């Protein structure tokens, strides 16, 4: 990288450096788009052909929860935490319809709460304690975990079970330990590849959001 100097010479050197650096070859193999496309299609086919009845049931349960004045909580880790936030945002604001807000809450958004619990106790308890403090019988807890074995979600599901809170698992592969705790499960079983599983989760989440609006506002 050239040292900064004044004037036209400086600009010339920076342009020259940028152009030369952009020509540096990237190491590694070529991305297999055909393989990725086939995997994505397999996930999409499973969602629409096999999991559609479960998606409908989850939507029906969530509508019953909301109509009873209860709320839907969601949690996840990493990319799946973004799915939890995304889902809560669609509920509170809107998906397709301009309508009243629904009670949705992502448990991974409050930095003070998360770091307090993580620091004083453990990361595994960051969702369990929030469920115990914020959850009520009749609520629904949604957990996003591509492996189905995220420790903090397992503890949250156990707490929910004790409190009369229904649980919905979004997972993949064999489903992991969440299957033994969840009341309802949406498992992308055709893949063990995290990106493909997350793509399936997002598709199902969107289908659920659209169906909730249809049933709530229809």
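Cβ coordinates are placed from backbone N, Cα and C, and glycine is handled just like the others.
Just so you know, TrEMBL annotations never went through curation; they're auto-generated.
Straight from TrEMBL, the features:
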BINDING   77, 78, 79, 90, 119, 120, 145, 146, 147, 150, 198  substrate binding site
BINDING   86, 90, 198, 206  Zn(2+) binding site
DOMAIN    62-218  domain 'SIS'
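Mapped onto this structure are the features recorded in TrEMBL.
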residue : record                 : Cβ within 10 Å
77      : substrate binding site : 21
79      : substrate binding site : 15
86      : Zn(2+) binding site    : 19
90      : Zn(2+) binding site    : 20
119     : substrate binding site : 9
145     : substrate binding site : 28
147     : substrate binding site : 19
198     : substrate binding site : 23
206     : Zn(2+) binding site    : 15
Key: Of the binding-site residues listed as 86, 90, 206, the one whose CA lies nearest the CA of residue 119 (substrate binding site)   = 86
Request  = Among 79, 145, 198, these being the binding-site residues, pick the one whose CA is nearest to that of residue 206 (Zn(2+) binding site).
outcome  = 198
Request  = Quick one: pull the CA-CA distance for residue 145 (substrate binding site) versus residue 86 (Zn(2+) binding site), whole Å only.
outcome  = 15
Query = Using Cα coordinates, what distance in whole Å links residue 147 (substrate binding site) and residue 90 (Zn(2+) binding site)?
reply = 24
Query = If you average pLDDT over the domain 'SIS' (62-218), what do you get?
reply = 98
Task = Calculate the distance in Å between the alpha carbons (Cα) of residue 90 (Zn(2+) binding site) and residue 79 (substrate binding site), and round it to a whole number.
result = 17
